[in-house]
């Protein structure tokens, strides 16, 4: 990925486009784009897994290093867990929910979107076992790419790579801090204990990133070939500070943006791209929002310079700047041959939110070609999404499973090999290439919702499995789409995007006509002054074969000033599986990776059954 921000001048052409503009079901596309993340899951899959051709995988991740790194997401068509793009994916999913959670809730997809975020943040919490230690990769791209195997079969190296004070990675720690901070806003109302835990990790990670400076790929060198940090780490430090300010309202992070904006490039870089590596345009957009909200204070002159660079980016998208983005003859923003669609979705998201910020502040976009109405930015984003969904010269939808003409030979190991649930016969490392990779037939498993790399600079596209530049999907292609599709699918109901963020609590899907059981909170029955507080609630519900199943979440908090040990819980009226605890005889204790609960900390566990809430109580414990 190039650091240079210059783009070749555009050739102005009058085109007669050979395709018809169609109406798109943005709500359906939103549902599919979220579903894709369930196909990318690593670890133990949950009971309510909707992508049923997948199964458990990567169950020993981290074991050799003495840490539990089971879970998280595979980044693209391979089976490696790369920390930097995974964290950026979570940040962008969270930002989408923060801005457009209300239309997601109206569409019934908010719960699924939040589950997608939590699947990622649960892993990031595991990957940050100490304040100054962060695991940034599991698996090795070189050995992984040598094989073509289902994730359920993989025999490749699963070494875990980390950063620490002796081997720093400010870009990785900064992006992970941003992800944790953004996600803490997502869960602030629905799961406050979890939100606080995420924010605590974000504080520590930012301190780690700022105190021990260095590029992560100088420490985790195996990442260089795949996710090299070309932009360095200053953009991630500013990005993390912006998200920590938005999550905490702590003036320290606002001051950090003000004091370091010039020296770290936040006010200097005039951008024409935004993605997992280069975050400056995202920082500039957030700081412009703070300025519009009247929060700049003494930093107003510096924040105005951030604002000017944000507007440079927006003007470049719509062809009204001093240096504009390149576009294909069919109108798609074009940055590079390999997975160009990542830049399309990320830039379109920034255009969408900035348009709404301007409308909320009653402002206009100031471009070199003159003032521009905010609606032009939203029109640009819509044009890009419409192209992606099929309004293009080929009439191809670049979202798998949307429309009738979409890629059938996706560069994706799990999708291209028969499901292990259909044929459990082991597929060896090189056997997958011979038996499945070279097949010219459609994938046996449809990777619904995946956004592939997309066409070249001339709108050409070859639907071939070995054409990885165009047919490989990635999580960070989809994450920004959450927000854009929710916005386009709902129109705009006049809500102010500059007001404090308030992500609604997702409404469970109730089976009809049976009423949902009421969630309840339960204190340790031994005494109301007990140091252990247990709160139980129903997280979601669904109907399967005429029966309603409920997923219950229990958060147990150590309210004492001491460490909780030797915990034994009694759980009665439980008629289904439980996750997050270890059963011993007739009681339940801490999960295998945890032997105590520090003061003020919380532990969450879940269970599923088709009944009212189980009875959960504390049998015994020790405080030390």
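The backbone N, Cα and C atoms fix where each Cβ goes, glycine too.
What TrEMBL annotates here:
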type: ACT_SITE; residues: 411; note: active site
type: ACT_SITE; residues: 463; note: active site
type: ACT_SITE; residues: 472; note: active site
type: DOMAIN; residues: 532-612; note: domain 'Carbohydrate binding'
type: SIGNAL; residues: 1-22; note: signal peptide
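Known features from TrEMBL, placed on the structure.
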residue : record      : CB count, 10 Å
411     : active site : 24
463     : active site : 17
472     : active site : 21
Inter-residue Cα distance where the pair is residue 411 (active site) and residue 463 (active site), in Å: 9
Structural state census, the domain 'Carbohydrate binding' (532-612) (DSSP three-state): 0 helix, 52 strand, 29 coil
Whole-number mean of pLDDT values that fall within the domain 'Carbohydrate binding' (532-612): 82
